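Asks: Take a look at the following structure, please.
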C-alpha cells in the first residue's frame, strides 16, 4: 500500500502519537486525562483531520470484540459474587508446605484462572490474598507478586478469552476456541513451569525461610485475616457450626431483638463461640417446667392456695408459655436461615454450571461473542433481581477505550505507514523457517512494549496473516497463534508492558495495612530474562 498524501500522513501520525503517549503514560503532566479519554481524543482527531470520514470511523469499531469483552466481564462479576475467586484464594494457603510450594501454587492458580476469567480479573482479586499470605509466613511479597502478574500473563495466552489481544485475534482470524486452546496450551504449560523455576532460582535465599524463623504472633493474626477475607462457606453441615454473626442474624429473623433472653444469649455469644448455644439457666428451668402450662384450673388454684401472693402464682404459670413462644419463633428463624443457605448454595452451583456451559459452547465452535452475551444474560435472569449493581461493575471505560483505539489504529493504517514498514520487514519474517519466526517475534516483542499489545495486534495482525496465507492455511493459523503468544508474553518484560502488571502494582500499593510497592526495576530484573526465555521456548511448541 502506497503512502497517503503528506497532510494525511502527518496529521494521522500526530493523532496516533497523542493516542500512544496517553495510552502508555496516562498521567503525563501536560495532559493527564487518562487512557480512555486519550483513545477518544485520538479517534476524534482522526475524524477532524479528515484521515477518516465519520462513517469509516463507525465502521472501524469491531462490535463482536466488544460483545465478547462485555459478556466475559459480566460473567466474571457473577463468578466473583459466587465466591469463585475467594475459593481460589483459599487454595493458595491450604496445607502449604513452605514458601516454594506457595510460589508454585500462585503460578498455577494464577495461570488457570487467567485462562478462564481473564488475567486482569485474576490479578484484581488475588493480589490482596497474596499479600496477607506473605505476611502470614513472614516473607517478602515481591517474589509472589511477580509470580502472580507473570503467570497471569502466561496463562491468559492459552484461550481467546484470556486477554483483550486474544479476543481481537480470535475474532479476526476466526480460529475456534478449541483450535486456539490446542495450539497454545503446550507452550502455556511449559511457560508456567519455566517461569516458576526461574522465580525459585532467582529468589532462592528469600524463599528458604525456616518455620522457626517466622513470627508466631504475626502468623496467628495473618491466618485470621486470610480466613476472614470475606470467605463464605458453600454449605452448613449442622446448625451448631454457625458463628456469632450468623446467630445474631437468626435471632433477628425471629423478631425478638428486645427480648431479655436474646440479650443474654448475645452477651454470652460474643466472648466465646464455643458457648454460643448454651441457653441461659432461666430459660432451661422454664422449659423444664413447661408442663405447668398444661395444668388445669385445679392445679392453678392449688398453686394460688400455696402461695400467699396469687399474682406471682399466675405469673409463674405464664412464664413457661412465653418461653415456649420464644422456642417456636427461634425454630422458625433457624429454618429460614437454613433455607437461605441452601438457596445460596443452589444459586452458586447454577452460576458455575452456566459458566461451564459457556466454555463448552465455545469449545464446540459456537459464536464466542453471542455465547458470552447469552451466558451473561442467563446469569442476570437467574439472579432474579435488579441487575444494575452487577452491571455497574463492568468496566465501561475499557469498552470505550477499545472503541477509540479501533478508530485511531484504523486511521493510522490509512496513512500507509504500517504497510510500508511491514513491506520492509516481510521478507525476513516468514513463519515457515526458524529465522523468520525469530525476526517476527522480535518485532512483535518490541512493538508490544512500545505501542502496547492490543494496538500491535491491530496493526500487524492482518499483514502477518496475509503473508503467512501465501504459504499455506496452516501457516496462517500458526502466524495468528505466534502473534497471540508473543504479544501476550511481551507484557512480562516491564511493569508497563501489560495492564495486569499495573493492576498488581496498584492493588499492592493501596492494600490497607499491607501496602507494598513493586518497583519498575524489581520487575525488570526478573521480567527481561523471563520474557526472552519463555517466549523462545514457547515458539518451539506453537502448532
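Easy rule for this one: first residue shown is 1, then count along the chain.
In case you wondered, yes, glycine gets a Cβ from its N, Cα and C as well.
Unlike curated entries, TrEMBL annotations are predicted automatically.
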Asks: Which stretch, out of 105-129, 130-154, 155-179, 180-204, is listed as transmembrane segment by TrEMBL?
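Replies: Checking TrEMBL against the ranges 105-129, 130-154, 155-179, 180-204, the transmembrane segment one is 180-204.
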Asks: Pick from 394-412, 413-431: which range has transmembrane segment per TrEMBL?
Replies: 394-412
Asks: So which range, 34-57, 58-81, gets flagged transmembrane segment in TrEMBL?
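Replies: It is 58-81 that TrEMBL describes as transmembrane segment.
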Asks: For the transmembrane segment (6-25), give me same-chain residues lying six or more residues beyond its boundaries with a C-beta closer than 8 angstroms to one of its C-beta atoms, as numbers and ranges.
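Replies: The answer is 31, 33-35, 37-39, 41-43, 45-46, 49-51, 404-405, 408-409, 411-412, 414-417, 450-452, 455, 496.
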Asks: So which of 58-81, 480-504, 524-542 has the most C-beta pairs under 8 Å when paired with the transmembrane segment (180-204)?
Replies: 524-542
Asks: Are the transmembrane segment (433-451) and the transmembrane segment (351-382) close, by which I mean at least 3 Cβ pairs under 8 Å that are 6+ residues apart in sequence?
Replies: no
Asks: So what's the average pLDDT for the domain 'Citrate transporter-like' (27-490)?
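Replies: Mean pLDDT across the domain 'Citrate transporter-like' (27-490) comes out at 78.
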Asks: With a Cβ cut-off under 8 Å, give me the same-chain residues at least six positions beyond the ends of the transmembrane segment (524-542) that come close to it.
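Replies: Beyond its ends, the transmembrane segment (524-542) has Cβ neighbours at 146, 150, 154, 183-184, 186-188, 190-191, 194-195, 198-199, 202, 437-438, 441, 445, 478, 481-482, 485-486, 489-490, 492-495, 497.
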Asks: Could you pull out which residues elsewhere in the chain have a CB under 8 Å from any CB of the transmembrane segment (58-81), counting only those six or more residues past its ends?
Replies: 52, 117-118, 121, 125, 160-161, 164, 167-168, 170-172, 351-352, 354-355, 358, 367-376, 379-380, 383, 390-391, 393-395, 398-399, 402-403, 406-407, 409-411
